């Protein structure tokens, strides 16, 4: 039971009263060692010595305890030889209150240059004991090969001291080693009598202190070579084609980083035909070799380097200096074979002892005494870091001559000498020194010359008129944080590693410093370099570029199409359907069909109407004509699409419906050779299979559309072209079987006979619908939930969904592990909570919204957790971000089912709808699970409450099972969201007349329904709006007449648009009443017209005027007569653009342009739809100026109920109202929208008293032959 438990939960400690043994490499390694194998930093007494630190032993004082309990103590064990270590176990000191609660575990081959063991590539600390007797054991996720083991206590029982007993488990490790000094190499030739295998495997371990050198050079019989080379601490696999000096290396792949750390690293190259798996330590990359290498035979392999000629072609241009271990080629031990031949190599691994030191924290510093009294000064060291800035060295000069600072600034070394606030010396050297490589630095002062030299080549010098020598101490990396210290650091602290520190050519013994026998230090990690490459492997996804500092990394996601801390989440929508529901109209959009998945975004055209079509073009969508060519029996066409195969397949799978036009035009050219012959033509679909049916037919039918519909020209055939007619014919239709689309290739036959002609067309692939976008489930019980397989988001997890509810709280989803978990819930009506635990303790991310979320509207939730941070976003509200702990656990380990809409405990369940649930870009099919789950219903209606606002210009939202549509029938606009204006440019001779039904009094033969429609004759308001653009003034813009001899007109005065924005009296409303003038006057005195006036690109102004004071009223008592002023302006005609015309609920211009056959309109002269009314800058009539009446124009505050104009009539409309837009001779002015408002919801502005200077006494010129041309810049106005 215990063995199974440990093998499953490797990161969980196990408490055992006795030693525990694993099944294979599990022998105890410490208990049999002599006391001399144990050393420590100090000991409390002889009976507390390190030799008593054996698990379950009670000798001495029952374990090891140091003299002082602080973070600089350590316990070290030397094993008998290099050993494979698989587990570690700890105990406190027997019978005491002394135990370690947290510690570092370190390994070494030499007792120097220690390497910390890291869990999950970031965690170095192990949790220890909670009492003195229990055993806490860890099985190492990756076994370690080492001879030395060191424990560094980090925390201990606060009521006791450091106390420790331990055991390590493992087994003997067999090692064959070969050493190279940078000049020798080992040659190996495979046995030529052995048949070459399809699989070659080369594996080895290596270690080195130098960052460049050739490890392996493989040559095949044709002369091609494959080289494994260490360059700047990374391994490069390179290919060279051919022999000779002209053959160059071509890098194939790079892997690994910081491999010059004098620790063992594993590398393997596995080739299976042309496919190569390249592995360095735990990271693998796969790539394809050129075809010439797929079946090549290796002739010889050179280890440790190659000839001088070969080195000249390599990156490093040097042989390898270091050690190789257990070199195997196809299971043959290369080192054993080489030992037999006694080649020019050493079969031992000689290592230099370099003691590095790590400055890891802001409080780190190293202080060294300065004892030299000579005139010259020399300080040298090597350093490596990722930071661009940090103090390297500082000291006060002798005789109070100032202070010297040597520091990194913008990845360059800079030296400054300050004295009394003045900079006496300032020099820089080097560049790009934050690359993680070792760099040598020398500060030298001789005879008044000061020099700073980087990497032995880049040197900067300066002259000094004063002696430059340390006063008493030299500080490296930082300064002590004490009031009495003379050291000051105005710069950033240094975070990185140093080694080979020399003062006046004498090497500083850092081991003595560690033993506190020389110098002083704080927060240093001695005898190790703790640098970590956080960009290898890169945690930046989707091609994000990784950069780093000492403690963190950053991902540059620009130009990737992804965002977030690790470039994980797509910034684009997954379909045109999603763009439509954001209010977007037709156009090109980037589509990321799998969100954060591996498929890249693709630029696709979205044709957004009632349905949102994705249109994927290919290289030949035009009609292609074929003619007889001698010797050619078939024509083969291949189609290359704008999206790759993986993208197209995902789009088709996700879409609700797809189609592709396939047409064939023929003249004496048969197609499928029906009914019984072998097809002459066929097409190839996505799987590469040939299909013998044509557009409009069903798969496998070997028919065309006419055959399926039984309407072919010749019924005995199933395709029109199969009749072999000498006249042109065609077979066309749509292919809509998604599993076969798209058309990848087309083969056309029967084109080699005399007189044969043919043409084909393969249209673009078109798909609409998004099965994931509308996939929803309704949870109607608090105890109900859906369950799915475990969510795997170990390093990156993104979750997105939409919800709507009336409940105040509920869990959206939950997934549990042993300790880890992830959960998203509505914790209150205004708060969404994202909580999780990856082993660092529970963390929460909350988003508070200003308004309640339980409003039965759709709300969008996006949560992401990665190795850097966790974030949560709700709708468009500001998001919340929670940074991940530095060097904490990073793997999310879950093992239970994923619960949606509830929890495993059936508590805090969610009541409402969840839609479009995606985890790491994959959509969960909620509807499929809901079909079989009690308390959950598939689908969720009610989309207009959330998306109805997308319908503009008084379009109405209409519910659909999967979404909604905008009904624009009562709007003068058209388009998907009633956003597109309907415009026409009128020329002389063009007019539009819209005729209403006669009223009940004038036509008593109508039906009862018509009678009810016209029964209310008391309405005193009309709603009119229009937009216009013209360069003509004066002009008649609008004319409305009725059967009751009433009319309404809007005119433009002689000044045209010069004052139209600011002076409303440039317009006049004319009302003619055939009734009692006194009664009409009384009515008009109580009536107010409201005009909204302004340019389309500006904020519109509102002007309110009583009719009897500001509007010019023209009365005519004679029936059938037109007012003389209107007649004169009518004679001038009108040239310009009119758009978005509406009269009450009628849109006459829209009816004339879009529905001329079904609307009561009369069009005289040429009329066609134009974009002249659009506010786009590229307008064809740039010389004109545009004006318009807005949606709210002419609202009449009469106190009467507002009735739709279709259902009732008013005294003004009467029966037949002719709305004529006067262009040239008698163009009838177009209707404009007039929106009725109730008195209680409309508050008119106070009328302005008096007459402005911009209001002429007679607003319209009485000379019909006089016109004024407007010269202002083209603008568009709404009235």
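Cβ atoms here come from the backbone N, Cα and C positions, even for glycine.
All annotation found in TrEMBL is predicted automatically rather than curated by experts.
TrEMBL assigns the feature region 'Disordered' to residues 1243-1279, out of the candidate ranges 1206-1242, 1243-1279.
Sequence-distant contacts of residue 940 (disulfide bond), defined as residues of its own chain at least six apart whose C-beta falls under 8 angstroms from its C-beta, comprise 776, 777, 778, 804, 913, 915. On the 0 to 100 pLDDT scale, the model's mean across the domain 'Laminin G' (775-940) is 92. Residues in the domain 'EGF-like' (531-568) partition by DSSP class (helix H, G, I; strand E, B; coil) as 0 helix, 12 strand, 26 coil.
Here the domain 'F5/8 type C' (25-171) is broken down by DSSP into helix, strand and coil counts: 9 helix, 70 strand, 68 coil.
Residue 913 (disulfide bond): 23 other CB atoms within 10 A of its CB, across all protein chains.
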